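Record features (Swiss-Prot):
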COILED    494-521  coiled coil
REPEAT    8-41  repeat 'TPR 1'
REPEAT    42-75  repeat 'TPR 2'
REPEAT    140-173  repeat 'TPR 3'
REPEAT    175-207  repeat 'TPR 4'
REPEAT    379-410  repeat 'TPR 5'
REPEAT    411-443  repeat 'TPR 6'
REPEAT    445-478  repeat 'TPR 7'
REPEAT    530-563  repeat 'TPR 8'
Amino acid sequence: MPPMTIKDGEYTATVYKMIKEGRYGDAIHILSKEHQKHTKSRAALSLLGYCYYHMQDFTNAAECYEQLTQLHPEVEDYKLYYAQSLYGACAFPEAMKSTFLLDNTTSHTKMIKLQAAIKYGEEDYSGAKTLVEQLPQEDPDYDVDLGCLLYKEGEFEEACKKFMSSMNVLGYQPDLAYNIALCYYSLKQYASALKYIAEIIERGIREHPELSIGMTTEGIDVRSVGNTLILHETALIEAFNLKAAIEYQLKNYAAAQEALTDMPPRSEEELDPVTLHNQALMNMDTKPTEGFEKLAFLLQQNPFPPVTFGNLLLLYCKYEYFDLAADVLAENAHLTYKFLTPYLYEFLDAMITCQTAPEEAFRKFDENAGKLTEQLRKVTKQVQEARHNRDDESLKKYVQDYDEVLEKYIPVLMAQAKIYWNRENYSMVEKIFHKSLEFCNEHDTWKLNVAHVLFMQDNKYKEAIGFYEPIVKKHYENILNVSAIVLANLCVSYIMTSQNEEAEELMRKIEKEEEQISYDDPDKKIFHLCIVNLVIGTLYCAKGNYDFGISRVIKSLEPYNKKLGTDTWFYAKRCFLSLLENMAKHMIMLRDSVVQECIQFLEHCELYGKDVLAIIEQPLEEDRMHIGKNTVTYESRLIKALFYEVTGWNE
């Protein structure tokens with residue numbers, strides 16, 4: 001931006017015009033130069049402090065007001081603004097100390113409110129409550145403050161009533177609407193929460209078109225709106241983050257990501273900790289390296305979202321970075337007791353132990369599972385009693401309690417089973433699942449994993465169908481919402497139990513849905529039917545029928561521009577490498593026409609695979625593959641060279 005030239009005598013008018021238009025950054029640019037010339041200028045410092053405060057830059061605002069309190073100790077307002085700026089900058093001890101300088105009776109109520117807010121920020125809720133109770137009950141903030149304290153005590157319904165009561169008195173306020181939505185979210189009443197969120201967003205769009213809501217999602221390139229006081233007062237950032245959290249909980253992952261891109265645009269360095277955390281979490285599948293960097297960065301900030309610590313550790317375990325998880329736990333022992341529940345700590349401890357002492361880990365998981373089983377039995381009894389007494393309110397609460405305990409039990413059970421799964425001891429995995437039958441038989445994750453373990457045992461395809469079928473039928477009208485590997489395993493199970501018609505019908509259904517999507521979006525790659533055919537081809541190759549199996553694999557990747565991807569190449573190359581191994585051992589002979597077909601296939605992969613990654617590298621991998629080697633083109637050339645060598649065609 002070129003330097004602005006302002007005529008003498010127009011400085012004040014220009015600066016005030018900028019402030020009126022909300023151009024605080026431009027005003028700061030001019031005022032900073034003025035302050036450098038006149039370091040004790042009351043006007044420059046006062047306006048700078050005001051602009052910094054409105055841009056939510058509380059640290060710089062506090063510096064301005066600190067100087068003003070020293071230059072003009074008689075002005076009570078500067079002392080108040082200094083304390084408020086320190087509070088905004090999360091410098092709670094300094095903010096509390098500065099409130100004691102407020103000695104004017106007119107600012108006494110403001111001082112009490114600020115001290116209560118500081119105690120609340122320090123998580124001293126009893127101290128905050130003592131101060132709030134000193135406020136007159138007719139004060140509009142009294143119920144709001146009590147609502148916040150009730151929320152922290154887990155009294156979500158009572159907190160909600162306080163916020164609603166305040167809204168009736170004060171009229172509509174976005175921050176109160178957000179507080180009500182947050183209470184409903186905590187009560188798992190997502191529809192009610194979304195209703196209040198929708199109103200915040202609709203009002204934001206209507207009243208503040210300059211905030212560019214939804215523009216980023218639509219692909220429009222817009223400049224950052226910055227962290228202004230206006231943005232803060234709209235509660236839009238909080239509302240979009242809460243909407244993203246709800247959609248994420250409901251497993252509507254695309255909608256969750258859209259909620260984050262719909263919020264008013266800001267540059268990455270302007271993002272608040274909650275948005276940064278949610279971006280990391282919700283883009284983890286596509287940008288895991290960035291996700292880990294953001295979460296690790298947040299741990300160094302003060303404050304950071306309380307769930308950051310646990311989420312970073314869980315994600316390290318998910319991506320099998322157990323050493324990193326152990327290091328983070330060891331280096332942040334002070335955070336362990338504050339941010340991890342006993343359940344989560346024990347779960348993470350067992351996960352990390354798995355790598356060095358699987359038997360010890362199994363024992364830890366078993367102990368944890370035992371505690372949760374006891375809780376499930378206790379809550380089951382409470383559910384039965386509530387049903388018997390026709391106590392609908394208690395029944396609703398106990399069913400919710402049961403679901404919460406079950407959601408803790410399932411990961412423990414799966415982690416326990418994975419120890420034996422990794423050893424390919426599938427019968428033991430089946431026994432572990434059988435033990436949990438009474439609690440988990442209606443849970444989709446449990447049913448899916450039971451299906452997988454039955455499928456892996458070769459002689460239990462019929463039983464596997466019994467678990468796969470309900471999952472597929474549940475989503476039959478939107479069959480592409482089902483994982484491709486589930487559809488593939490069900491088709492294989494049908495084939496292995498001579499139910500070829502059912503397999504063909506399922507494949508026709510998948511093909512029909514894929515054709516519809518291709519019609520609506522011709523450039524979109526869809527791999528479901530391709531993976532089903534690849535798995536069937538792999539099955540025939542595993543049974544030694546390479547002629548048919550390889551032919552099926554080749555046909556499944558046509559057309560290559562739509563079907564060749566990292567996952568599909570993974571399945572295809574396994575079949576070709578298995579074929580080459582058996583040919584090299586002289587265990588099978590291939591007809592020349594089939595060899596020719598294989599060479600042509602690899603040449604097509606070479607042609608279309610230039611921009612397709614051969615493997616997805618681990619996000620925190622230090623020794624990265626050469627970019628030219630991690631392509632389908634490179635690997636298909638290698639396999640083609642092996643074909644020439646094994647068949648002698650290059651001689």
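Just so you know, glycine gets a Cβ as well, placed from its N, Cα and C.
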Counts by DSSP class (helix H/G/I, strand E/B, coil) across the repeat 'TPR 2' (42-75) = 27 helix, 0 strand, 7 coil
Ask   = Going by DSSP, how much of the repeat 'TPR 6' (411-443) is helix, how much is strand and how much is coil, in residues?
value = 25 helix, 0 strand, 8 coil
Task = Averaged across the repeat 'TPR 7' (445-478), what pLDDT does the model get? Just tell me the whole number, please.
result = 93
